[in-house]
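Novice: Okay, here's the structure, questions in a sec.
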């Protein structure tokens, strides 16, 4: 089965690459036929076919029709943003009076204005098109001198851009429309099939009679999980394109189902099942299977099968909202009542917590938020609020006001990005014109069309762009010599190159930057017109590209001197701080108002940490200490798992509050107070440890710390905390010696005592036990991740201070904050 799935996945990748290549080749062919064989009245207005090809690559790459329609709006907005001011500037300055310095300054100022709005105000594709237009308008005006018309020349650039966009739309319609809605429907069905397979595998592992029989199921499910997450990412990516297809294709409204949110919830539940299955498989203290500790009769197994059938019907109802077949409410009640046998499993031990959490995940599958209440009467899920619908109807004037007006929210970060673009474009154009006036714009164009929305690995990206440009250029030169007199064959040769470049873009070796550069490098030579021989043109392009990339790298180093490894360490401390605030909020009572905000902050910090780790792995070490990527990746994984435990723990608390309201209030109040005390104590202890790790992670060199804050050995002096020292030293021993582990076991003991005392219906008590067991499992998992973080921080400190044979986090923490311990 695994081999079949691998072959199926490889076939899907090939088909997707071939589909993208055919559409791109068709769009380039449309531009070539129009510019080479079209009517003279049309060709004289399209004076820059090279930029038509560039526009195609920026808009159509892996795009659907909806994305291309959005690209039309972005190209129009970019043209208004760049060419309008350019007309006024050329009319005032006069092209015949322009010099290299004036041209470079005009390009730099135009780039500053375009990049100044943040990414939320102006789309990245719009910025790239606008920057490319600015480079071409000013540089070609300087090259042509007095013969340049200040009004018609920018309009010719706009016409070339429009031709590229029109070719994209035509290529996505012929021979049949490449609809994002159809792609989402298809990918959603594939994801649903993938998710149901994983669900069945997890249930099979849960019910396995031996631990050895469960391992293959878990391995197979993990393999399917990778493919499922990729499908989910594609579905999310295509949501924007679907919205742009609504107006012109209202007759396909049955496809406009946006199940991404529901499928994401399903993915979250499956991730919880994977966590519990892995925990049960790694449990060396139990010789029996997961199910054998829970199943006292066959009712629970039958209930799981009922859950599987119910989930399958529910997922199908998400994908076909107009289907009259609804999930009967009675089926949901039967499936939930199947868990009533849980009250017979008493007393609960640590070994049963993974099983309880697994069954709790089934409860999450059928929670109210996954019902059909979010659909309107037409069966279409509301993907936008009325306010958001109004935002999509903004006029161009209101869009400009939102971009540059008082409420635009321009930050220092935006100003710095705009200033870097100002310098990069200015120097690239100036040096490109100094080297070769006729080819000067090829130095500024790569800088313009490769603008990034966030920080990149400067050296790696520049290297990939250079390699991709050379690859595409050499390929195109060889094709030009092989088919010098056959234009159709030259354009047919683009098809295999687009397929090859598609794989380059998806590879770790070249990525998006290298793959796009390879495509543009080939297209500009094979589709050139009036640029001389291919050999001379290729050499000029490579040299000018090198000039532009060199300017971009120099400016990035000048204004982003902080290494990614340093930023990764700073972000590590931010992750610790966010986690510490999340752990502090653990409680059985009502959730704190800022708990969700802290969870969002933690997720954002982990994402930033992941970006910095990737950049640090790619940056050269030079004379600096090499980056310890292994330890940082372990810590990132621990933060991700800790966030998962916190998320599932909050869900368990919410369900517990609902179920506990059905119990006897007096008896439950006493039990809840004792369990709340256990959780509060666990939260305070874990928070103390994470706070210690945060302080230690900010340390640069231990030698500097020892000089400024020598360690005092007198504990009674108040500079040390015996409790913290006990906690840190406990982490070096066995699980039984760990104070956090003792707190979890104490919670389980109080849980068993409380279930004996509490009064209420047996089915309600079973549900309460399910929620309390899930909370205990999350506490146990969080404890393990805190210990993993401790080991990771020690590894980093030892890596940065190799002369230290022994790392004592307690001592280091006391030296950093002597008054806080």
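Positions of Cβ are set from backbone N, Cα and C atoms, glycine also.
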Novice: What range among 437-454, 491-508, 509-526 does TrEMBL describe as transmembrane segment?
Specialist: 509-526
Novice: If TrEMBL is the reference, give me the range from 46-65, 186-205 marked as transmembrane segment.
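Specialist: When 46-65, 186-205 are checked in TrEMBL, transmembrane segment belongs to 46-65.
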Novice: Checking feature assignment: transmembrane segment per TrEMBL, candidates 390-409, 470-489, 530-549, 550-569. Which range matches?
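Specialist: That would be 470-489, the stretch labelled transmembrane segment in TrEMBL.
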Novice: Looking at the stretches 72-93, 99-117, 129-145, 157-179, which one shares the most CB pairs under 8 Å with the transmembrane segment (417-435)?
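Specialist: Comparing 72-93, 99-117, 129-145, 157-179 against the transmembrane segment (417-435), the winner is 99-117.
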Novice: Are there three or more C-beta pairs under 8 angstroms joining the transmembrane segment (12-34) and the transmembrane segment (157-179), sequence spacing 6 or more?
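Specialist: When sequence-distant Cβ pairs are counted, the transmembrane segment (12-34) touches the transmembrane segment (157-179), since at least 3 lie under 8 Å.
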Novice: Six or more residues out from either end of the transmembrane segment (72-93), which same-chain residues have a Cβ under 8 Å from its Cβ atoms?
Specialist: 55, 59, 102, 106, 110, 113-114, 122-123, 125-127, 129-131, 133-134, 137-138, 141, 148, 150-151, 153-155, 157-158, 161-162, 164-165, 169, 396, 399-400
Novice: For the transmembrane segment (99-117), which partner among 12-34, 129-145, 470-489 gives the most CB pairs under 8 Å?
Specialist: 129-145
Novice: Which bits of the chain, at least 6 residues beyond where the transmembrane segment (12-34) starts or stops, bring a Cβ under 8 A of a Cβ in it?
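Specialist: Cβ under 8 Å, 6 or more out: 42-43, 46, 49, 52-53, 56-57, 60-63, 163-164, 166-168, 170-172, 174, 178, 487, 491-492, 494-496, 498-499, 502-503, 506, 519, 523, 527.
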Novice: Take the transmembrane segment (129-145) and find every residue of the same chain, 6 or more past its ends, with a Cβ under 8 Å from one of its Cβ atoms.
Specialist: 48, 51, 54-55, 58, 74-75, 78-79, 81-83, 86, 89-90, 95-96, 98-100, 102-103, 106-107, 110-111, 114-115, 153-154, 157-158, 161, 421, 425, 429, 433, 437-438, 440-441, 444-445, 447-449, 451
Novice: Against which stretches of its own chain does the transmembrane segment (470-489) lie, if we need a Cβ under 8 Å and a gap of at least six residues from its ends?
Specialist: 32, 36, 497, 501, 517-526, 534-535, 538, 541-542
